[in-house]
Amino acid sequence: MPQIGWYGLGSMGLAMASNLQRHVAAKKAISLIYSNRTMSRGSPLRALGAIPEPNFAKLVSQCGIIFTMVSNDSVLQSLLSTAMGSSQSLKDKIFVDCSTVHPETVRSAVSELKSKGASYVAAPVFGGNPIAVDGKLVFAIGGPKNATETVKPLIQDVMGRRVIDCGEDATKSSLLKIAGNIVTVNMMEAVGEAQVFAEKTGLGTGPMEELIGEAFGPVAGGYSKRLTTGAYAPPLDSRPGFGVSLAIKDARHAMSMAQEQGVELPGLELARANMEAARDYGGECLDSSTIYGTLRQKAGLEFWNEKSRKE
Ligand SMILES: NC(=O)c1ccc[n+]([C@@H]2O[C@H](COP(=O)([O-])OP(=O)(O)OC[C@H]3O[C@@H](n4cnc5c(N)ncnc54)[C@H](OP(=O)(O)O)[C@@H]3O)[C@@H](O)[C@H]2O)c1
């Protein structure tokens with residue numbers, strides 16, 4: 001197994017890299033080399049035996065497989081430019097990106113890396129931070145077969161419970177991720193609406209949450225908990241589980257592709273507008289489920305609930 005590198009230690013990346021490091025340690029393989037913009041976030045990973053490397057180009061030079069898990073397309077593009085801009089050879093290296101990015105970003109990464117003799121595997125994920133911590137994410141993997149087959153054992157039962165193989169065209173796994181997020185964001189809107197309805201009618205959020213979890217499954221139940229525990233608007237010194245700007249990015253990717261294909265996504269459009277209104281009101285430190293805050297305001301309630309932060 002070649003040396004593995006990891007860039008990106010946010011809400012998802014730190015949990016995923018920690019599981020990968022535990023796996024390589026259990027196999028007595030060489031420890032992960034990690035990097036992040038804020039290197040201090042890597043302390044728990046270092047405690048597990050991983051090796052810090054602040055310079056991404058140096059990390060790439062030492063690794064055969066490089067995972068990235070970053071916020072958006074431009075961060076990914078800038079990392080790949082750094083790797084390709086350095087004079088080192090990228091021949092036979094495998095870049096595995098787990099972030100949610102637009103299929104066009106994937107398309108250009110594939111062709112640029114191919115021209116350097118390297119492979120690009122798109123491996124976006126489904127599931128939030130608690131599922132990443134448990135190593136139970138669902139991955140949508142796409143890329144050259146020899147590269148995906150090399151990478152799958154590092155994912156299955158390590159970081160993920162299921163790997164959906166989207167074939168050799170890496171843009172397809174990115175497309176599946178964007179399509180999946182249409183469901184995610186609409187579900188957050190639906191759960192938020194139901195909980196505001198339950199509160200205003202006097203039904204109460206407790207029985208509503210019990211029903212949502214029981215009748216509509218653990219994912220919907222988890223979204224309800226983000227509202228009732230106040231996690232939709234966490235303390236300002238914390239990092240939201242799934243930052244509102246990340247979900248807005250995902251919704252915009254879906255909407256731009258839908259527009260090109262003449263598809264209407266009215267539910268997603270509404271949820272995006274509610275997320276943007278929430279961000280205008282409460283700033284960046286909000287979870288994507290903060291749609292709920294906007295719905296509360298529209299119903300004449302405070303944006304904040306009794307468990308969320310208050311300003
Ligand atoms: N959170 C979820 O529930 C979830 C679920 C599925 C997929 N996703 C997708 O997974 C990706 C990561 O999500 P996340 O929740 O882990 O995000 P996050 O907590 O915001 O972390 C983002 C990561 O990108 C880095 N980053 C941000 N801007 C940067 C810049 N300008 N230069 C260099 N590095 C930068 C951050 O570094 P710092 O640590 O220095 O800030 C951090 O490592 C996103 O594409 C998201 O859409 C998220």
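Backbone N, Cα and C define each Cβ position, glycine as well.
Please treat TrEMBL annotations as automatic predictions, because they have not gone through curation.
What you see is a predicted model, and the numbers here were worked out from it, not measured in a lab.
TrEMBL annotations:
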{"type": "DOMAIN", "residues": "3-164", "note": "domain '6-phosphogluconate dehydrogenase NADP-binding'"}
{"type": "DOMAIN", "residues": "175-293", "note": "domain '3-hydroxyisobutyrate dehydrogenase-like NAD-binding'"}
{"type": "ACT_SITE", "residues": "Lys177", "note": "active site"}
| Sequence-distant neighbours of Lys177 (active site) in its chain (C-beta under 8 A, six or more apart) | Thr100, Pro124, Val125, Phe126, Ala140
| note | Summed over the domain '3-hydroxyisobutyrate dehydrogenase-like NAD-binding' (175-293), the DSSP helix, strand and coil counts are 91 helix, 2 strand, 26 coil
